[in-house]
Amino acid sequence: MDPRGILKAFPKRQKIHADASSKVLAKIPRREEGEEAEEWLSSLRAHVVRTGIGRARAELFEKQIVQHGGQLCPAQGPGVTHIVVDEGMDYERALRLLRLPQLPPGAQLVKSAWLSLCLQERRLVDVAGFSIFIPSRYLDHPQPSKAEQDASIPPGTHEALLQTALSPPPPPTRPVSPPQKAKEAPNTQAQPISDDEASDGEETQVSAADLEALISGHYPTSLEGDCEPSPAPAVLDKWVCAQPSSQKATNHNLHITEKLEVLAKAYSVQGDKWRALGYAKAINALKSFHKPVTSYQEACSIPGIGKRMAEKIIEILESGHLRKLDHISESVPVLELFSNIWGAGTKTAQMWYQQGFRSLEDIRSQASLTTQQAIGLKHYSDFLERMPREEATEIEQTVQKAAQAFNSGLLCVACGSYRRGKATCGDVDVLITHPDGRSHRGIFSRLLDSLRQEGFLTDDLVSQEENGQQQKYLGVCRLPGPGRRHRRLDIIVVPYSEFACALLYFTGSAHFNRSMRALAKTKGMSLSEHALSTAVVRNTHGCKVGPGRVLPTPTEKDVFRLLGLPYREPAERDW
């Protein structure tokens, strides 16, 4: 979506004036006027165990239970019907956390995915496939074997369960999306460069974002304590990374998705990540659907679209409009304007709005800015304007010429959308290495000094970011000549042993990269911009507890081969 999409969507909308004294950012209404909560959970008496689920997500579950007629009660309380625990929880650990010798009579121990599915379907669903296995020593009679249990689960139940994992997970202490372009940094030393984003190369857990990487929503999981690599998914062609992006489906529902994208962007700039994710899931599902949606029932049948979303789809079909668009807070276009400043994330944009700022001129004259934000504001228009491919080529050649003046054997490759063959680029990422594995050392500082002396580098955003053996520079460049714009440039120097994985990482789209990492994880492997490792040990929450063994990957083709994937040319990684 165009970075200024919301501003374009509402150029003449009359503003709704909020109480000027309010310091709380207005939120999009949770439900339409006159809409009443349904009590379809009235028979539920639940206790939510927060361990593993996380406080924020547990509180969301509890709020939804009460809102829809259910009751919250202690685990040992009379009449408790369901005890909800984290996906990776086993029976004995649950009892220890609850400080109970055994489950209360009539209580069922269920995974949080069951409650997510109930909330998604707006009904109490069967717990088959969601119950925590109870060891036979805790039973008065033998429990059916796992094979018997699996045989009793209707086909498709596991897939439905895995789809529900897109419900809000506990907010992580750091983002679980792949490392993004720098957004905020208090100084030019290496550190998290956004108040909303940070990275160490590989996500610590496969999250809702990873699940978006699967077209079908299919996501194999492993049992606790299973350190053996999981088998590859039965149908690899359901993974984004297994398909060429040239085969993207035609969007038969553009008239619907373009309106939902405005809402998704509005939620995103307001910091409502989970609701934005829900809309993104529905938008992706609609874009992949093989025909135009024509009815409520048809919308409900699409995986990833619930009843409430289906109602919005039908409203658009019947009226050509979505009433929620009329209720978008007046803060949203301003927040989008502010968050487009390089160095300012969602939190900073909200802070500025709460301080009374409403324009870039307000920010320029009144806000306290970091060095990076001041640079981002100075080049605001240039950074938002995508550069033609020819300009990106000139930038790559300028860096290459300067590097090879020190050593003619250095390899310099522009990655990102440029390497994927796009006609325009937002910025340029240049990878530098040397085949001998040694001569790249010491080139980083000398190259930057040379480019500064030429006047090619005009501003430093992050002068040096150490990432293992990789060194990364984030800055601003401008080609010589009248009318040239300032452009974002990243220069990354990597050892040759990591070059293939770095090339793969900095070339693929965010969606493609998430899919590759998620697939690697299902195989007991780990993929980052540094290496592909096997025999990686993870705990029940998906966090690595053993680094595994690094596999040799001389070329990108080796990475695809080791993951059991057909090789995809850079132009086919543009999901």
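Placed from the backbone N, Cα and C atoms, the Cβ positions cover glycine too.
For the Mn(2+) site, Swiss-Prot gives ASP427, ASP429; the one candidate out of ASP326, ASP362, ASP382, ASP490 that the record lists there too is ASP490. Swiss-Prot names SER417, TYR418, ARG419, ARG420, GLY426, ASP427, VAL428, ASP429, ASN513 for binding dCTP. Of ARG386, ARG478, ARG484, the residue it gives for the same site is ARG386. Segment annotation: Swiss-Prot labels region 'DNA-binding' over residues 466-505 (candidates 106-145, 466-505). In Swiss-Prot, the annotation region 'DNA-binding' applies to 265-279, one of the ranges 265-279, 400-414.
Note on Swiss-Prot: of 305-308, 345-348, 453-456, the range annotated with the feature region 'DNA-binding' is 345-348. Sequence-distant contacts of the region 'Involved in primer binding' (420-429), counting only residues of its own chain at least 6 positions beyond either end whose CB sits under 8 Å from a CB of the stretch, comprise 181, 386-389, 392, 395-396, 414, 487-490, 492, 506-509, 570-571, 573-574. Distance from the CA of ASP490 (Mn(2+) binding site) to the CA of ASP429 (dCTP binding site) is 5 Å.
For TYR418 (dCTP binding site), the same-chain residues that are 6 or more apart in sequence and have a Cβ closer than 8 Å to its Cβ are ARG389, ALA392, THR393, GLU396, CYS425, VAL428.
In the three-state DSSP classification, ASP490 (Mn(2+) binding site) falls within a strand. Other C-beta atoms found within 10 angstroms of the C-beta of ASP429 (dCTP binding site) number 26, with every protein chain shown included.
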